[in-house]
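Colleague: Handing you this structure, nothing more for now.
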């Protein structure tokens, strides 16, 4: 188990802030063999606040998620059973066989509490008042502090944490200074099991700092419950401290357990039971037999039997296979054991076996000791022994032994051996103990309520219902039947304003790692109308309005139309695959995150950086394009000034938050869509002769023809179309900041069909009707606006201002393109940073959910557009743009592959088919460089992105040793959004406008 033993808080596995360490001694040798961070009271706040922050999310996850995490934790505990047992042996001194048994007990606790998590339920019933209902609901209490002793450092932690985590609580564990590594190891495995960071926290400390740290934990206002196992004396202090804040407390305190053997008992069975009970952990257990009461008729016989059996014990270091009993754990325990024996000797006890400290060893060994003729006056009759001392008391009658057994201030456990069942029933009722074993020493189990009465404490730590109940609060809800009706128009049950942030809580929660609710830092503010218009017209750049001229030149009107339809189908299938995943997992990183979840974590790294670079270069190119277009109207400012003006403007709008982006893109997309429809109407008017006076029809499909340049031209169209469609997939990125992605993403994805049909295919179709592919206006255009088929057609129709009109349209589309490029690139790199695949400073977000550093970093990268102001630097700029040439095709290809892995089976219109289609687009993206004459430089930069992508993938994979994800083990819950409110009621659209709107935008 690759455990770093230097982890103090929230299992970050780093040194405590002061750099102090607490030594850990091996009881078998007395030597220091390890150390742990020595935290103090000032370190408590950080741990508690981490737990509280985690609780805000973890406390709202489903019980099934808690159950699954506990099972996974148990699986790892079982896998590392030998490692854990070795740690326990070296911390406590107990034999390895006992340590293994302790790990088994802990494992059973994870299984039990995993089941208990699913059984947490409230109630519903009719109240005494007519028309009134009462509900009770169970909710986790909050942050829990666990103060854990050294004698069972594995089982105690898991028993407490298992119940707390099943209930939905988070926990700060303060292990004993003698045995801190067990708790750290368990916390490490909890993280490995996917239990979210901050849910299980460990604060190790020294003996000197234990009182102050424990007191600070008990007093901290965010700690809502304390669970303590230890002595009665300390338990009273804990209770007193917790009473100041009226905190809920579970106390499992000292025991002074009687073991009663009647004259009708099976002495062999009694001896076997006593051996396993008494000598386990060298007598250092709260439920061990402290006082052995033997009926006078069998006293001598039993004394001889137990002495002979004890003499067979082999005392030695716990790691030795021959050892059956180890040392006591601390020097203080060794000294106290000697004092108890000396006290008994002085008061007339008879030592039948042992009674001495082992010589010639530096370990804390004391011989297993059997004492006869024990009396009430001896210290171990009234004190919890916690030592390898077996004391035999004689009794005559049942009434006498009941009185003696109950003559103690504590009442943890009692044991009775008799064949008389009537007597058994009487003693079950008469003995004052929280747990009673009849003819058995096995009273503890995950299914058994564990806890005592009297001064042995209160509360239970295992068992059905009761253990988990300790970590829950019950709320009673009363209402009349009138309030059960929900006003679907006002959606009062679904919408509640958050007064602190002004956000709207629509009843939806985000899930991570088996249903953990997470806060990924961004603000979920995009409305349905934002997503619909972003899907319909967002991200569409100026190329849509002028690049169709190039398509016509390459392959003619029919060839370009077919090429755009083919690529459109490919993109449609890509977005549908992406939509299925994004609807279920609307995470900020979208398909880049899905790739790591369903394919290979290394693929997330490579794909995320590939996608960020693509949009970063698009941003730079659009800044450069905006400067060139603005210079068309005025040359009073140089290009770099226009670039900087645009840069400052968009830096400001981007930092205002996602709602500003959504509003800008909504109106810009609306404008683009309306302009597109208007241009189609203009094309119809030109084609029919209403403008220009010349009826065209399908003339240009005949002369100069429907196709041009053969297969080479068609290949160029495929590549050009793929470039134009780039960004259609970006609607999934916005899902991470949507208020209701489960409703809005499917609706938005419907728009991709209309986007492909109306914007892209429609543009090719209409321009092919009004301009011939061999038009001089197309072939000799000197600017983007001049190369637009609409400019050419309007100029042919006699309108000289066409260039200015198209220029205005282009500059507005550039605003949208820049706005979207910053958003998509910044959210991509932000998600990379949140997942540890980019520098951590990029994961910073403001309280309003703005990923400020990611935005600034991305926008700074956009300033590479300034390279284009000089010829030499402009060449560098062109190379940087060329590198990203195939990036979109790579993204589409791996969206398809990810969906294949997501579905883990073939489906109709299998995404595997268009995975291959997009790999084909990657391959042909630079094929024109192979034509005569061969363009070496163009070839290199056309395909350079491929080896870079492979290097990123392989490098991350080798460095982090990632593996392909087994579909059966894929994380199918991280980032999932669950709808907690009522379902939105669908209403039929009204009127013509409503019906049209429903068809287009749902």
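The backbone N, Cα and C atoms fix where each Cβ goes, glycine too.
TrEMBL does not curate its annotations; it predicts them automatically.
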Colleague: Which one of these stretches, 510-532, 533-555, 602-624, shows up in TrEMBL as transmembrane segment?
Modeller: 533-555
Colleague: Of 786-804, 938-956, 957-975, which span is tagged transmembrane segment by TrEMBL?
Modeller: 938-956
Colleague: Would the transmembrane segment (640-661) count as touching the transmembrane segment (850-870), i.e. at least 3 C-beta pairs under 8 angstroms with sequence separation of 6+?
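Modeller: Contact criterion met.
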Colleague: Can you tell me the mean pLDDT for the domain 'Aldehyde dehydrogenase' (23-477)?
Modeller: 96
Colleague: List, by number or range, the same-chain residues at least 6 past the transmembrane segment (753-773) whose CB is under 8 A from its CB atoms?
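Modeller: Same-chain residues near the transmembrane segment (753-773) but 6 or more away: 535-537, 540, 544-545, 548-549, 551-553, 555-558, 560-561, 564-565, 568, 571-572, 673, 676-677, 679-680, 683-684, 686-687, 696-698, 700-701, 703-705, 708, 721, 724-725, 728, 789-790, 792-793, 796, 1000.
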